[in-house]
Amino acid sequence: MEMKTLAQERSKAEFDVEAMKVVWAGGEASLRLNQRMAELVANDPEFQKDSRVMQTRSELLKDTFRKAAHAWELINKLHFTEEEARCLRKHIDQPSYADLHWGVFIPAIKGQATDAQQKKWLPLAYSQAIIGCYAQTELGHGSNVQRLETTATFEPSTDGFIVNTPTIAATKWWPGGLGKVSTHAIVHARLLTNGKDYGIHAFIVQIRSLEDHQPLPGITVADIGTKFGSRAYNSVDNGLLRFNNVHIPRENMLMRLATVTKEGKYVHSNVPTQLAYGAMVNVRKSIVMDASYSLARAVTIAVRYSAVRRQFGVQDGQPEMQSRLFPLLATAYAYRFLGQWMSSLYSDTMACFENNDFSTLPEVHACTAGLKSIATSTTADGIEECRKLCGGHGYLTSSGLPDLFAVYVPSCTYEGDNVILLLQVARYLMKTLKFLGSGKEPSGTAAYLSNVTELVSKNCEVAKESDWISPKTLRYAFEARSARLALKCATQIAAASTQDEGFSEASCELLGASRAHCELIIVTRFMGALEREIPGRGVKNQLQILCNIYALSLVTTRAGDFLMTGYLSPEQVELAKSQLRDLFKKVRHNAVSLVDAFDYTDFYLGSSLGRYDGNVYESLYNEALKDPTNASAVTEGYTEFIRPILKQQLGTSMSRL
Ligand SMILES: Cc1cc2nc3c(=O)[nH]c(=O)nc-3n(C[C@H](O)[C@H](O)[C@H](O)COP(=O)(O)OP(=O)(O)OC[C@H]3O[C@@H](n4cnc5c(N)ncnc54)[C@H](O)[C@@H]3O)c2cc1C
């Protein structure tokens, strides 16, 4: 019966699902690559994931190492490109040290090492003759990088640096891949030479022997222990690291931006420091892409399960598809287009940098910081919402949702804590408003602020429901909300006795203004993506509906912002709600096909609730019976601990008390 339901839902689709798959994947080639890797992983017994549920942490780590080694063997045997290898790792669906080696260690060498250093280190890293991690965070300092305490003191007599961990708080703590695997680490430490502190710089430090993997003299290294959830991110060996007078050669300082000479003189190179920011844009783009994939995964499970759930019976032939799902579905699509736009932003930014044009850097930095923050926070909340949408069954590991949440949620913290990032956006917004009219006109995603006078005075003209689905109206509403909130903060800060005090007192309001700015960017990027031709029957129309759902669900959930700033009247919010209800009706019978377009295989989803065939109950039932606790009908421990109670044979009894 459940299986028939999903097939019926699919038959109602008003668009070409195959064409939507191409749009979602970002082109035919990406779609085929994804499908090829998904199939390869699903059909290889080495990558099966059923046994993960019952593994201890040590078993899980070993299982992860085995899979990473098998993947590496395949990558070499089949001569995969870097893109193919990345796609393969994604489908293995088990985070590992390799993610950090390829995703952080190698890009850091590319970004911060000189050409000569890259020539030395990259071949070793590419062949995995060395395995590396990125060791920045310390026990006492995470967000505040400038206060890191690890030292690298130049010693002219040995032409090298002595690396030390002066306090317990200076212990490196968290780096992924450090705890059990990495042979090398990029260590961030204070550079001291000729008695002067030159601040935080990066150094390559070998931490384990390449012969027997023992920690080198002076190095203390270990895993930091079990993390949130029982599996999830526990497949990564996040580690701790301490240095006791560890000597490294001078050339191990990453010297693209600055060098220390043989004599100990600190010299800036002629490479502009801004170049280092390029890599950050790329990393944040990948994080936003991941947000869309993870949210899409959770939404697939919740939509399919909602479509087969018949708790209260069929009403008007409709399944119990809950409207709460549709904004999440729309958000997954919004983030996908946002990620695609960030890819081109990265290429454009790098092209400007190569021409020594760094004028866009503050704007690009602020916008990508904010988008990372909003996309990861919303996705983490969205996965949890999907779990709740699945009721009790969502809490079962076999739903696939608890692990997805536990793996995803630290992205709100790493690569910049989300609150800190939004405060950086706020600083940029305040600076932009301050310099308006001084010749420094805002550009890119902040260009609307040059129109602030009109945006704060002209109120919304929506008079009927359908007025809300005009891109111009929506864009203007989001610009007005953002400009008004930002201006309010600027006025509040200007009234404080000092700028810093004002900024600190207004921090709550500033976070709201930054969120509004970022949501404006996401709405406009979604609209922008729909300005082009999109082939496939009904595809563009569905995306248009989703775009309007995304924008209007923000108008209604953030109604407080719009009302408080006076841009909308309560009646206009009501009209937005009513328009949204109409859009929900339009998307309802396309929802199953819209999640099919994400093209997740059952193997990848790993969910009894999200199965393609909808055979949910049988799957839940079978998964429960597979649990090792059900290996025998009478449980282990019965004879020692349960029978004596039932037989009144325990030493003390309640009746004697
Ligand atoms: C799973 C995982 C993997 C990681 N991998 C790595 C890695 O590979 N390498 C590495 O070097 N690090 C890694 N980290 C560390 C990560 O980068 C830090 O945890 C992160 O930078 C936040 O720092 P913190 O933990 O010290 O938090 P804190 O900076 O102490 O923040 C704690 C809280 O205080 C708030 N806060 C802090 N400062 C301010 C302020 N000025 N104003 C307002 N609020 C503030 C924050 O919003 C947060 O809520 C990893 C972390 C995790 C969880």
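Cβ atoms here come from the backbone N, Cα and C positions, even for glycine.
What TrEMBL says about this protein:
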- Glu415: active site, proton acceptor (ACT_SITE)
- Thr137, Gly176: FAD binding site (BINDING)
- 16-131: domain 'Acyl-coenzyme A oxidase N-terminal' (DOMAIN)
- 133-245: domain 'Acyl-CoA oxidase/dehydrogenase middle' (DOMAIN)
- 277-430: domain 'Acyl-CoA oxidase C-alpha1' (DOMAIN)
- 471-647: domain 'Acyl-CoA oxidase C-terminal' (DOMAIN)
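On the 0 to 100 pLDDT scale, the model's mean across the domain 'Acyl-CoA oxidase C-terminal' (471-647) is 97. Separation of the C-alpha atoms of Thr137 (FAD binding site) and Glu415 (active site, proton acceptor): 11 Å, rounded to the nearest whole number.
Taking H, G and I as helix, E and B as strand and the rest as coil, DSSP gives the domain 'Acyl-CoA oxidase/dehydrogenase middle' (133-245) the counts 13 helix, 49 strand, 51 coil.
With DSSP states grouped into helix (H, G, I), strand (E, B) and coil, the domain 'Acyl-coenzyme A oxidase N-terminal' (16-131) comes out at 92 helix, 0 strand, 24 coil.
The Cβ of Gly176 (FAD binding site) has Pro95, Tyr97, Asp99, Leu100, Val104, Cys133, Tyr134, Val236, Asp237, Asn238, Gly239 as same-chain neighbours under 8 Å, each 6 or more residues away in sequence. Sequence-distant contacts of the residue listed as 'active site, proton acceptor', defined by Cβ-Cβ distance under 8 angstroms and a gap of at least six in the same chain, are Val283, Arg284, Ile287, Lys372. Within 10 Å of the Cβ of Thr137 (FAD binding site) there are 20 other Cβ atoms, across all protein chains. Secondary structure at Glu415 (active site, proton acceptor), as computed by DSSP, is coil.
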